[in-house]
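> From TrEMBL, for reference:
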ACT_SITE  D75  active site
ACT_SITE  C78  active site, nucleophile
ACT_SITE  H288  active site
SITE      E263  site 'Linear diubiquitin binding'
Amino acid sequence: SEEDIYRDAEEIEREKILLCETSSSEHKLSVAPEMDIMEYCRREWRGDTPAAKKMRKGYEAVARKFASIRRVRGDNYCALRATLFQALSQATQLPCWLQSEDFTMLSKNLLSKYDWIKQWQLKQKLGRKMGEISDEIKEYLILLREKWKNISEVKGPLEKQEACDKLFKNEEEEYSLYEALKFLMLNTAIKLYNDDRNGRRVPVFSWLLFARDTSSNPCQLMHNHLNHIGHGGGLEQVEMFLLAYTLQYTIQVYRLYKYSTDEFITLYPNDPEEDWPVVTLITEDDRHYNIPVRMCQETML
């Protein structure tokens, strides 16, 4: 299957046995406890296939910068989960876009301008009325600001990590935050689309986003892509750019299957603003993302 294109039959069978041995409670962890990055690599990529060898080389390169890895729950919110967890775990203040006075009115304002947003699919519940969608999204936006503020005010790194772990064990709150992020991505896409139509300068990824047959405008983007994130699919590459632009964070990704190419370390966006914070993720296939932690001390040669 497509999921297994990098693994030989023996590796797949071993993983099935490993999954059976893992306790059911561990499957529910959104972000698993950290483990040594090379130990994780050896457990996952023990075969002698060319792909396994490339993955080991990739992990060795990551291990020069980071000591540990935290496995992220592999549902269709994976990219949002990994990015948000990393952003919150290093947050020291509220981003400017979360501080604006009209932030919590965003859903009401957008719905008043764009009638088609009534078809937004929220947490797999269809057929809401306009007011209900607006109020529910408003709750999620308020929750995102509140959690970001609370965690950014935690001073000690250990305490901050504990606060993040606690948040990402609360399913109801966690998934509400992802819905807030998706709506913010829609808002960013609408702004970019309107800017381009009005002759303003937009980043290159915006052209690519709306060049697709399935998302030639924000309405199509919502129907065919954003509505499916978390339900029927994850983020595509161009949507990783949209997420980064929405959060005003640079997302640096070690793409292990691209080891020894120029795309091994990819930045979203390619030309980030200098003052944007950076979060780092790892992917083996551009579908599932894990989190590297504990940056190593640089060795001076």
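Heads up, the Cβ atoms here are built off N, Cα and C, so glycines get one too.
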> How many Å separate the Cα atoms of H288 (active site) and C78 (active site, nucleophile)?
6
> Using the alpha carbons only, what distance in Å do you get between E263 (site 'Linear diubiquitin binding') and C78 (active site, nucleophile) once rounded?
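It is 21 Å, counting Cα to Cα.
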> Once the chains shown are all counted, how many other Cβ atoms turn up within 10 Å of the Cβ of D75 (active site)?
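Step by step: centre on the Cβ of D75 (active site), count other Cβ atoms within 10 Å, giving 13.
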> Report the same-chain neighbours of C78 (active site, nucleophile): residues 6+ apart in sequence with Cβ closer than 8 Å to its Cβ, ordered by sequence.
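C78 (active site, nucleophile) has long-range Cβ partners V72, G234, R287, H288, Y289.
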> How many other Cβ atoms sit within 10 Å of the Cβ of E263 (site 'Linear diubiquitin binding')?
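Around the Cβ of E263 (site 'Linear diubiquitin binding'), 11 other Cβ atoms lie within 10 Å.
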> Tally every other Cβ atom lying within 10 Å of the Cβ atom of H288 (active site).
18
